[in-house]
Amino acid sequence: MRKIFRANLYFLMILLISTFVPYLLGIVYENINLTDSRIILFLNHVILFLVPAAIYILVTKSSVKKTFRFNPISFKNIIWIMLLAFAIQPVVMLFSLISGFFFSNDVGAFIGSIMDTPYPILLLLIAVMPAITEEVTLRGIVLSGYDFKNKWVASIVTGLLFGVFHLNAQQFLYAAILGMVLAYLVRITNSIFASVVMHFMINGFQVTLQKIVSLFMENNVSPDAISQFSTSEKMAALSVWGFLGIIFGAISIIIIKKIEDDCKSRGIYDSYERLGASSRHSYMRVDLDSNSVTEVTSDILSTKERVINGPLIATIIIYFIVMNLPTLVLAFNRLVNFRR
């Protein structure tokens, strides 16, 4: 099966699983009297993402190391990535603010509802688990399907899929931007640990900040407060975060360039760039190593595979249906009542 088709098909399956299986799990949890939302969140991460990933590896017989890019990163780059996680916060906040003008922050409301959880457990649920399960899914299996597309195409497409992955209109925009950055990091470092560290730092910072606010403020600020602002207040907030977003966005780009230059100086190149080098080398050795040429030729054909295919189109359709389901149900009910 073609690499991109398989990656997009896997994402489609995960989208369907994460959309419908929680309802079935809810019935199971109810039957065993499991009502703690924190335990349910933990179990859902394992069942919905880690179990399918394990099944994928077993069925496809893919290399765990190559698929998930379990390669070390230098201590220097870990520091750069941690700095990047802080520098990109205003950018994330800017896009979250823009989305907040139009959509309610249901996820923020949920996190606010579990703020009484002990901090280490909260960090595990909101920072550690997503940094593992979401990275294994998106920057592991899905991104591996785009190995032989250039890093810009791979980053943009998987970034948009990361936005879809959250199944929340308010999160789509900033999650897509963040997903592009995380995918780009993995491609230039050839290590999933780069995105795991950054993902953990971003979520960890957010949950830590919200925990501190909840401790020192009796009336916590609603995560959906932006929707209650007047138009002038919204524009003022947008101006401030827009300015900060531009400044820190530029800083983030500089940091990413530093990481990329450091990786190249260590001989770490993007998979697409490595393919170009290896193909030239292999064609020079065509009479000596035909097997090598056959493998490389197959990889070259993978670069010509289309990104837009059946599974991707189905993903987009399902996403829009799920996001507009309440409106569609209401319209259907009105149609039924009208016919009566």
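Backbone N, Cα and C atoms are what each Cβ position is placed from, and that goes for glycine too.
So that you can see what the record holds, here are the features copied from TrEMBL:
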type     : residues : note
DOMAIN   : 120-204  : domain 'CAAX prenyl protease 2/Lysostaphin resistance protein A-like'
TRANSMEM : 7-27     : transmembrane segment
TRANSMEM : 39-59    : transmembrane segment
TRANSMEM : 79-103   : transmembrane segment
TRANSMEM : 109-132  : transmembrane segment
TRANSMEM : 152-169  : transmembrane segment
TRANSMEM : 175-202  : transmembrane segment
TRANSMEM : 236-256  : transmembrane segment
TRANSMEM : 312-332  : transmembrane segment
List the helix, strand and coil residue totals of the domain 'CAAX prenyl protease 2/Lysostaphin resistance protein A-like' (120-204) as derived from DSSP. 74 helix, 0 strand, 11 coil
Which residues of the chain, 6 or more past the ends of the transmembrane segment (152-169), have a CB below 8 A from one of its CBs? 11, 14-15, 18-19, 99, 102-103, 106-107, 134, 137-139, 142-143, 146, 175-184, 187, 272, 307, 315-316, 319, 322-323
Most CB pairs under 8 Å with the transmembrane segment (175-202): which of 7-27, 39-59, 79-103, 236-256? 79-103
Check the transmembrane segment (109-132) against the transmembrane segment (7-27) for contact, please; criterion is three or more CB pairs under 8 Å, pairs 6 or more apart in sequence. no
